[in-house]
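Written below as structure tokens is the structure these notes are about.
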Amino acid sequence: MIKKVISVVLLALVVIACSSSDGGESKPKDNFDRQTMLVNWADNIIIPVYQDLDSKLSALVEAKNTFTVTADQTNLEALRTAWLNAYKVWQYAEMFNIGKAEGIYYSSYMNIYPASAAEIEANIANGGYDLGLANNQDAVGFPALDYLLYGVAGDDSAILEVYNTNANASGYKTYLSDVIDKMKSLTETVLNDWTSTYRDTFVNSAGNTATSSTNKLTNDFIYYFEKGLRANKFGIPAGIFSGGVLYPEKVEGYYNQDVSKELALVALQASQDVFNGKAYNGTTNGSSFDDYLDYLQTITDGEDLTALINAQMNTARTQIQTVNTNFSSQVENDNTKMTLSYDELQKVVVLLKLDMVQAMNISVDYIDADGD
Amino acid sequence: MRFNTKAYLQSKTDAAPLAVFRILFGIMMLFSIVRFWANGWIDKLYIKPKFYFSYYGFEWVKPLGDYTYLLFIICGLSALFIALGLKYRVAIIVFFLSFTYIELMDKTTYLNHYYFISLMSFLMIFLPANAYFSVDNVLRKTAYKTIQQWCVDSVKLLLGIVYFYAGLAKINSDWLFRAMPLKIWLPSKYDLPLIGENLMQQEWFHYAMSWSGMLYDLAIPFLLLYKRTRWFAFALVVFFHVFTRVLFPIGMFPFIMIVSTLIFFEADFHHKIINHIKRVLKPKEVIDFKAVLEIKMEKVLVPFLVVFFVIQLLFPFRYVLYPGELFWTEEGFRFSWRVMLMEKMGHATFTIKNAKTGASFVVRNRDFLSSFQEKQMSFQPDFILEYAHYLGDHFTSQGHKNVQVFVDSYVALNGRLSQRFIDNTVDLYKEKESFCHKAWILPFTDEIKGL
């Protein structure tokens, strides 16, 4: 009789062992193919975004090279345009905190704001800085350029004087140059990793585990929406987390004074495009969260989450469009428009973090305790 | 055919099944403790967090800092002593107390199967599980061949309640007629080999699993009781638990249940197990075998255990005393064998407001809670209230004046669209925890019929 028990238990263990190993997979097509979604993300969104960012940064490097030779108004304008063009593409790239980008803390060296003017000035005055150090994260990237191109002096002619007649003009030029070169080289590192090896790793990790591509990218996507978009661009400057103490100096593009709204709208569009799987270079709509949710809806007969999420994103966009182009002055003059925008974005967060994650049944974070 | 209580209480049974149960229970518990430690969960769940969620009335039970490790050592050692049958009575009391203390430290980690282990170890305090094949026998040079029938039956009864009540809880419209939450859980197992991409995606399969799960839980105690269906039942037990282990992260529970159900088998089966162990260990033979173990204070003990079981039978139904949907309010949800019944998630954002000036700010939950605590807090009203008080106290002690605490919370249950969960106009800092209904939970807008 004991043999009977042992054989039953052994059989059970074999079932477990087989299930936890990655056996060969056969794929009948009566099912949502998650790998198609990963391929769409990688080939039609993520890699094209990085390629575009890389080329926009190349243009920025060129504009910088011209400017450091001849720091005049024309070249300053060209440099600023190149900065804004790259900054807009960055709004797409920031959410893909996976692979190399995650490993080298890419986004922390590209867009921590507000930039610290004091640290930037100290670096320039002292020289011998290492822009790869963690404590320089608020002295590099797009926000540092925002300061160097718009905030380093009172008006344009004063700014040009800093790069021409200031006692340490060459120091300013070198720093400007180093910051831009650093951004370019970091981006190249991330892009090259995607195009050489990581793309296949990403696409083939199609399981439902805490470290699989779908789960990680979903987490990244929601985190970006909640933190990068909702909190950083709206919540923090609008004093949501600080008991009504407003931080107009903490808006994105503070020194430029004219782009925070534009960048926020691009970020919202980027999120919506990724949600719907829209190709970065074009209008084709590939497989993404929307299709996955539609598929799951056919099983559960639940709500049309795709429609609800898109509608709420559109509502948020309409609200944001009422805000002044300069978030900073909006915060100072009529903060309610900022908090209303925050509220609409928060509703999207609930839909993404709660309803979408529940439908997909993935863990929002790495919780590995038992359930029952 | 009248049941003769007196005759039943005097009837005797072989001591081997309870001895084997004791050994396997002890080994399983020891292994569970070691696994818990090895996974780094002591540090993660009981050392790292700044704040712990208490059970109402047990606020004094808190983790002990680094001594928490000592607590786990004591718990693990007592489990080993139980398996050996060495100083059994002391060991099982120490195990019950230390294990229950661990479970009371933070209700974030509440699991029905931990509650089951606390109850089972409590029951075992009163059972002579060391009567046969234990180190205590060698020390006392005495062993007993038979014990009272009710001793073994009470273990069977507790196991039976767990299964049967888990089955009763599945008789509800979400489980049976919407196949929820399996319709959410099973399709997400698409990465299982062979069945992930096809079977797991089929609606009929979700219904089949829901209905068979319910029937399994209701029927299994009876199938195990009758000799003719016992092997079939055991095969079902193994299959069911192994299958759920493959699908869900449920740790040691399936193995504990598989091993526990062996107690339903006849004594000769357990003697064979003991003989196998003897062949390996070659223990000292006990000199003096006595026939029957007489239990001290049996006249008090039996009524006491009757009361214990009556409470067990009634307690899961306490939810009828509360208004509102049980799955939504969770008033009377725990300690009722409602296992794997819902897919429920929440999102709770707390606002601290100065009642006088109206100035307010939003709290970052991650500053105070672990991700696991935040997840559990977001959809359970008693957690939300306790956390609101913690926040209120914290910010008051930081010098904030006229503190009010409000929550903006949404909950999604079994695939329904998320809806607002807590009245966001209620200052939770003024609300008190009690066993009464929490009026600030907003009503559930749908209906779930059933037990």
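Every residue gets a Cβ built from N, Cα and C, even glycine.
Annotation source TrEMBL lists domain 'HTTM-like' at B:10-269. Marked as transmembrane segment by TrEMBL: B:20-38, B:69-102, B:114-135, B:147-168, B:204-226, B:232-265, B:300-321.
When each of B:20-38, B:69-102, B:114-135, B:147-168, B:232-265 is scored by its Cβ pairs under 8 Å to the transmembrane segment (B:300-321), the top-ranked stretch turns out to be B:147-168. Within the chain, the transmembrane segment (B:232-265) has long-range Cβ neighbours (under 8 A, six or more residues past its boundaries) at 17-18, 20-21, 24-25, 28, 31-32, 35, 111, 113, 117, 120, 152, 155-156, 159, 185-186, 189, 192, 213, 216, 220, 223-225, 340. Between the transmembrane segment (B:20-38) and the transmembrane segment (B:204-226), fewer than three CB pairs separated by 6 or more residues in sequence fall under 8 Å, so the two stretches do not touch. This prediction places the mean pLDDT of the domain 'HTTM-like' (B:10-269) at 95.
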